[in-house]
Amino acid sequence: MPRRRWQLTVLFTALLVALGVAGLPAQAAGGVTATFTKTGDWGAGYEAKYTIKNGGATALNGWTVEFELAAGQRLSSLWEGNHTVSGQKVTVRNVGWNGAVAPGAEVSFGFGVSYSGAFVAPVKCSVNGASCDGSPGQPDTEAPTAPGNLRGAGATGTSVDLAWDAATDNVKVTGYDVYQGGTRVGGTALTSHTVTGLSPKTAYTFTVRARDAAGNVSPDSKPVTVSTTDGGGNPGPGGQRTVGYFTQWGIYDRGYLVKNMETSGTAAKLTHINYAFGNVSQDGRCFVVNQTGQGDAWADYQRRFRADESVDGVGDTYDQPLAGNFNQIRKLKAKHPNLKVNFSLGGWTWSKYFSNAALTDASRRTFVSSCLDLFIKGNLPKLGGEPQGGAGAAAGIFDGIDIDWEWPGSEGNAGNVIRPEDKRNFTLLLAEFRRQLDEYGAQVGRKFELTAFLPADPAKVEAGFEVPKIFDYLDFGTVQGYDLHGAWENTTNHQSAVKVPAGDPSPPARKFSVEVAVQAYTSKGAPKDELVLGVPFYGRGWTGVPNKNNGLFQSATDGAPGTYEKGIEDYRKLKNLLGQGYTLHRDEASGHAWIFNGTTFWTYDDPTELVRKARYARNEGLGGAMIWSLDGDTADGELMTAVYNGLSK
């Protein structure tokens, strides 16, 4: 069944004329209306849209449309709205970007319905509690009750976990806002929230308010005062997050072991490690396997490390139930009790089937359950006759899940499954992860985290991410601050500048920067302190570059030769090129650096640029910095130290 609205205009225009389908009901002047239009019908189903028009004199801030489908009809998909279904009743609420409707303006959402027999239009339509034709209705003026039993559910040196009992409403509670004094410090659709960026050994007082779709706000809950702890290890610089990706495959050619995070001093400067990556099967499940291109269970939990390779200096035995990177992470966490480690799913290579996993309520439940079973509950299969694995073998290793879907609703790696409904389904997938993580956490007395990797390109944000809705479920999101340009283009450019450099020859839609990436989220209402800025520990390069303008913004013939891959190189390798015919150049106004030898150009971040970026993140009120990836650093953690110091001072 077709899904793309831009295709429907072409495919069904003639059909609409033949059918004589008209807008139902007619719009009335002076109020908010919602007009139904059928855009296609193939006998076993139809597609339609509701157009919400603001006929009033003041801006509309948020809308809710409710309607009932005829008996025998079933909603099969819906886009550009958040929806719930109860029997035949469908409730649709605006997403973040289409909730504000100026006087005279209109927005719409589309949906698909399967049916048999004769077509029947939806009935009992209301918009914001009034009739969809604009006639007077019964407006919802009743506020929700105050949330009950607000309580502290945990604390670290820099964060507090809060929980409360649900409020009630005559229609429906749509969300909660958390306040510290009179300042809003977070919002969520759930009955729990983590407040971050706090100071150690400090008492904080919070209240919570409930809200409904009509904008009614409850009274404050009773206040609760919660104190942060003394911090212990890994409190984060200045109370901010430092998140580093550890790559499963880095233990091979790069020789970067879990132990290296300890010996370099990196582990002591991190609040979080993201372990990359887990794969997603075609039928939408998490799985582990020893198969080239599909998974490396040997690296994950089977490989026995020698004493000199081990975090604690104790070598693995043949028959211990857990070995590999997972066991080394367990040892690292024993040295750093406040260090959190989240398991990251997908990545560039393994995002192919995320769309399948997120497609339906049933597929989301199955997918999330499979991921939690493996990586949160630690039930690992025994593979290839090796003794490692078994029920609970990896229990307690991971503190949450990181979603790295590249990208919902838009192009990523070749062959990825992409659907128009990915944008809505991504939010629903996060909601299901949040639900199951919280449910299991309540059983075992733990708070599990949920994070996501988010793109830098505003077009990809628009195509695949409901901002700020996704932050109702995420503890935080890491924003791509790199790969802004690279050897897939034939013109040299920066890969991670803070601001768009003067003279950037890219077309307007391709003028990328850290600032552009962050604003793609904050302009839609994303909470700044839940945005963690991604920074690279590697560079991107071109060769065959003319010796003009120090190589910047010049044509190139190919990607520069790299140790592991053409066009890319670790910082620890690039720093050694200085003094070997390369000259360092720096644009302090836009915040990026590069080296050039007359024909080969590398753009990368050195300690100076990383301090600059970390200070930008701190000064903008962002939630910290994320590193891709730790194995690009020097043996003494030169770049990690720069990030940490930049966030601290």
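Cβ atoms here come from the backbone N, Cα and C positions, even for glycine.
What TrEMBL says about a protein is an automatic prediction, not a curated fact.
What you see is a predicted model, and the numbers here were worked out from it, not measured in a lab.
TrEMBL annotations:
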| type | residues | note |
| --- | --- | --- |
| SIGNAL | 1-28 | signal peptide |
| DOMAIN | 25-135 | domain 'CBM2' |
| REGION | 132-154 | region 'Disordered' |
| DOMAIN | 146-231 | domain 'Fibronectin type-III' |
| REGION | 214-240 | region 'Disordered' |
| COMPBIAS | 230-240 | compositional bias 'Gly residues' |
| DOMAIN | 240-649 | domain 'GH18' |
Confidence summary for the domain 'CBM2' (25-135), mean pLDDT rounded: 84
Secondary structure content, the domain 'CBM2' (25-135) (per DSSP, counts of residues): 3 helix, 61 strand, 47 coil
DSSP-derived helix, strand and coil totals, residue by residue, for the domain 'Fibronectin type-III' (146-231): 0 helix, 47 strand, 39 coil
